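Swiss-Prot lists Gly8, Arg11, Arg91, Arg137, Arg140 with the feature CTP binding site, giving sequence analysis as the kind of evidence. As annotated by Swiss-Prot, ATP binding site applies to Gly8, Arg11, Arg91, Arg137, Arg140. Look at Swiss-Prot and you will find Asp21, Asp23 tagged as Mg(2+) binding site. Residues annotated as domain 'HD' in Swiss-Prot: 228-329.
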Amino acid sequence: MKIYLVGGAVRDALLGLPVKDRDWVVVGSTPQEMLDAGYQQVGRDFPVFLHPQTHEEYALARTERKSGSGYTGFTCYAAPDVTLEDDLKRRDLTINALAQDDNGEIIDPYNGLGDLQNRLLRHVSPAFGEDPLRVLRVARFAARYAHLSFRIADETLALMREMTHAGELEHLTPERVWKETENALTTRNPQVFFQVLRDCGALRVLFPEIDALFGVPAPARWHPEIDTGIHTLMTLSMAAMLSPQVDVRFATLCHDLGKGLTPPELWPRHHGHGPAGVKLVEQLCQRLRVPNEIRDLARLVAEFHDLIHTFPMLNPKTIVKLFDSIDAWRKPQRVEQLALTSEADVRGRTGFESADYPQGRWLREAWEVAQSVPTKAVVEAGFKGVEIREELTRRRIAAVANWKEQRCPKSE
C-alpha cells in the first residue's frame, strides 16, 4: 500500500496559496484492507474512506470509463493493480493531476508543473470531453486563478467549444450548474467565469438572459463601454471588490437583464428596463433553482437600482415607500446590499471605476433616520390597530423630510 497527497492540496501549495482540504489516493490496497486499518467507508459509487483520526478522504486509485450520458455516466474500476498514473490520468486539468509522496517528492506524469509555471489550464487527456461539468469547472478555475494570470490553453478552450456545440451541457442538472456558479461567484474575479462561458458558447446555453446583453448598446454618455454585456461583467467585477457576499454579486450580475428585451429600434435607450428585468431574474432563478434569498435580492436590485441613482430627486414619501418595498424593516441588511449593488452599477463603467457614489451614503443615512423613529412612542400616544402603522409611516416620512432638507441636495 502506498499513499499519495493529490490534486488541489499539491497544486495550491506549489502556488503558495493556503491549502484548505487535503485528498489522498491509496495505491495497491483493497476496501477490506482499508476497513481493517480502521478507515470508515463513505463512498457509495467507488471506494472512498475517512481516516480514523484526521477524517480526511482517502480514495483507492481508480480508473473511469464512459458508460452513459452527462457527468454521472461513468463506470469506476478500483483495484490494487490501478497505478497512480492511471488515477491521475482521469483528472480534468494537468495542474490537478499532481501527486506528492511521503518524502515530499512531486509525481508529475502529465506536465502539471510546467503548466503551473506557465500559468496554463490544460486538460489531461481527450477524456476531458466526456464530462460536461468540466466546462464549468475550468471556467471556475480561470476565475479563481485570474489574479495569478492563468489562462486556458487554446486546445482546451477548443474542446470546451466542441462539447458545448455537441449539446453536452444539456445533461447538466440545474443544481450542479448553480453550485459551480455559486462557487465561481466567491472568487476574486467572478466575471472571468462568465467571460469564459461566453468564449466557449456555454453562456448562451446556460445563461441566455445574460448572453442576450452582449451587442446591446447603451447611451455612450452614460456608458462609454457601450455594450451592455461588457458593462454587466464590469459591474460584477466591481461588486466583487465591494462585497464578498454571493447574493450581492449575483444581484449585480442580473441588474440589467431587462435591457435584453428592448426592441432594437429603441436602442440605445432602455426605459423601464428595471421592472422588465424582474421577470427575467425570476425565469433564470427558477431554471437554476437559485436559493430564494439570493433570488429575492436580485429581483429587488433589478427593479430599484435606477431609483437609487436618482436618490436626491426622491421625495421623503417615496424613500420610505422604498424601504417598505424591500422589506427593510424585517430585513435591514437589504439597504446595504442595495447600496452596494447600485454603487457597483455606477462604477462598473469605463472611466468611472474610481467614481464617488454619494447616493449610497444618502440611502444609508435615510435608513438610519427612518428606523430610528420609535414604534413605542406611537403606541403610547394612543394609536391602535392599523392606525399604528399609518402614524409610524407619517413620522418616518417627517423624519426623512427633515434629514433630507439638511443633508441631501435636491440634485446631483
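Using the three backbone atoms N, Cα and C, a Cβ is placed for every residue, glycine included.
Using a 10 Å Cα-Cα cut-off around Asp21 (Mg(2+) binding site), the binding-site residues Gly8, Arg11, Arg91, Arg137, Arg140 reduce to Gly8.
The predicted model assigns the domain 'HD' (228-329) a mean pLDDT of 95. Other residues of the chain with a Cβ within 8 Å of the Cβ centroid of Gly8, Arg11, Arg91, Arg137, Arg140, the ATP site, are Gly7, Asp92, Leu93, Ile95, Asn96, Phe141. Using a 10 Å radius centred on the Cβ of Asp23 (Mg(2+) binding site) and all shown protein chains, the other Cβ atoms total 16. In terms of DSSP helix, strand and coil, the domain 'HD' (228-329) has 78 helix, 0 strand, 24 coil. Same-chain residues at least 6 positions away in sequence with a Cβ under 8 Å from that of Arg137 (CTP binding site) are, in sequence order, Asp92, Glu180.
Applying an 8 A CB threshold to same-chain residues 6+ apart, the list for Arg11 (CTP binding site) reads Ile95, Asn96, Leu98, Gly112, Leu116.
Annotation note: Gly8 (CTP binding site) sits in a helical segment as assigned by DSSP.
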